[in-house]
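Taken from TrEMBL, the feature domain 'Deacetylase sirtuin-type' covers 15-290. Look at TrEMBL and you will find 139 tagged as active site, proton acceptor. The annotation Zn(2+) binding site is assigned in TrEMBL to 147, 150, 198, 201.
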């Protein structure tokens, strides 16, 4: 695990942690016995992975590009070709990202019995790389791939080998990197890229992630609600909670009258009912909490 200086390329500007805020978060965590933590893209920006919504540095602020939509991926062979070509180019860099201090702190809190359950909205596997185990990947993980027809699952690294075998002379220069591991390519670059089918049944392969426009399974939602019901407080780290799939759990926590702390640079949907709101980098503030 890399313990190098954080990569701040995609981190919005913010002030250093205020000592008063550090003390307030310390009290919040100290008073929690079964902490429910939800993380978003803002916890991974310090590992060099951009997010979508951050002011000035997020994908939406820097480009007019938008992530692939679920219906488009399912319906269109050319959309799948474009997605996988971009993902193929971006995979070596994306899969090499390492956890930062914030991921390691949450892993340590779990080992100490402080963190009851972790739910991440990220698909980057950084919590897994850090060693977290009491965890749900709400939107899946790009490191896994499955067949839409037979359900067979393979590792994304294994699929990379299939791509290379099918496209021995295909090359493309990446124009920019996106949050979920793909890069931006021109239509001309994508046109000749070959996409493998499922080796078991010939079906369509899809990353094991919830694309925009898709929904999280009811089974997973119910499981997370159960973990929240067992918890006594909620900490949101690195998320504006704009996506309902995660926001619903904050609403449930409010209904249960659980104290909620939010650590995020910039406004969130929880600011008007959170017990505590902190505008700091996750990797800078969380390591200060004992």
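Just so you know, glycine gets a Cβ as well, placed from its N, Cα and C.
Feature map: TrEMBL annotations on the structure.
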{"residue": "139", "record": "active site, proton acceptor", "contacts (Cβ under 8 Å, 6+ apart)": "121, 122, 123, 209, 210, 216, 245"}
{"residue": "147", "record": "Zn(2+) binding site", "contacts (Cβ under 8 Å, 6+ apart)": "153, 198, 200, 201, 203, 204, 205, 206"}
{"residue": "150", "record": "Zn(2+) binding site", "contacts (Cβ under 8 Å, 6+ apart)": "198, 200, 201, 203"}
Among 198, 201, which are binding-site residues, the residue with the most C-beta atoms within 10 angstroms of its C-beta: 198
147, 150, 198, 201 excluded, remaining Cβ within 8 Å of their centroid (Zn(2+)): 148, 149, 151, 152, 197, 199, 200, 202, 203, 205
